[in-house]
Amino acid sequence: MKRFGFSLCATLACLRLALLFGIVPSIVDAMSYQACQQFYRQATSVVDSKRVFSLQYNGKPYLLAYSKTPLSSSKIIKRDIFLGLYLFSGSTPLSYRIKPIDSYANSLSLAGVSATEAVNGVVVSGGRGIFDLAKFSKPLPKDSVISNICFQVYGFYAYDNYFVPKPLIDRFLSSKGGIYGDIGVRIIESSQDSQNLAQKNPANPKSTQSPTKSSPKSIIVEQIDIFFPNNPFLPRDKIVSINGESIKSSVDFEWKVANLTPNSTAKVAIVRNGKAQTLEVKVLHRQGGGLLSDTFLERFGVWLDGNLVIRSMKTPLPFNLSLLSEGDQLLWIDKTPIKRGDGFWHLRELLMRAWLNGNIELLILHEGVEAFVRSQMR
């Protein structure tokens, strides 16, 4: 039987009839999106001026929302400040099934559908890392869902052409939602052995040769969190496994570390200077990344903006770094200007080098006056 288009099936009654006969209309074949827009109105709602989406997880509906800026509402019962996901109390008449972006989904022409708009396109990137949103080929209608069947979605609107995919939603709704383990390192994925890893240009964190698909991949410690208590890692350590589970890629590493239980002890097998060894590290709560800054200073409640200005400081920093205060702008470290716009990569790198050297010299702008701060680092 020929598949119905939405020009022939513009109501939920028609949709139910099509489903009864085993005929699933695809919105991308349609000339009208009325049925999906009608479903949308019953599967979403507005709570305290924020659009929320009803999604099924383990057979139950949950109201979720995304926001790049913190939300405040008495109806918020769970939040993930790294991702910008929020769980609200309440219910809607209908709810969406959420599907993963697999090879089949990547072969489909999908649509971003809201109550008043619909935009056809395809998934450009499915989002793989713990903080990675999926990407659509076109700007999405605000507060839309990404779908090819009215009741089934692949995610919901975040901003521009980005949307929240199933893996992030599933983790958020699980018991681990909003909680991320940390073992005090940031890594890179390389096709080279850690002992032959090319020196990186500090001004260009992407200068290391990218691995080819056929090359064996190594997970290399690029930066260590110098404020992480009893951090046993060193730059260029090659990470082989965590708690006996081999690490296959940088994405695999991200997820495995994120899912470690804070305050537990992780056994990490590494290769250092050609010798295999196992390190034991106490897992802590991750403090930075995603929508938050990731400078390693967050462990002290220190938050910097994109101009390297200290906007918040809850706990004094160690040593003479305690002289820093809110409103100070970091200009350079050890006579090297700190680069901006790289996710604080260069700041972390310079802090790590100073720690390895044992001392640091900071040039800051304090109340409009340049000043030096000199300190030991350990």
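Every residue, even glycine, has its Cβ placed from backbone N, Cα and C.
In TrEMBL this protein carries:
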type     : residues : note
DOMAIN   : 31-176   : domain 'DUF7488'
DOMAIN   : 181-283  : domain 'PDZ'
COMPBIAS : 194-204  : compositional bias 'Polar residues'
REGION   : 194-216  : region 'Disordered'
COMPBIAS : 205-216  : compositional bias 'Low complexity'
The DSSP breakdown of the domain 'DUF7488' (31-176) into helix, strand and coil residues is 22 helix, 62 strand, 62 coil
Integer average pLDDT (0 to 100) for the domain 'PDZ' (181-283): 84
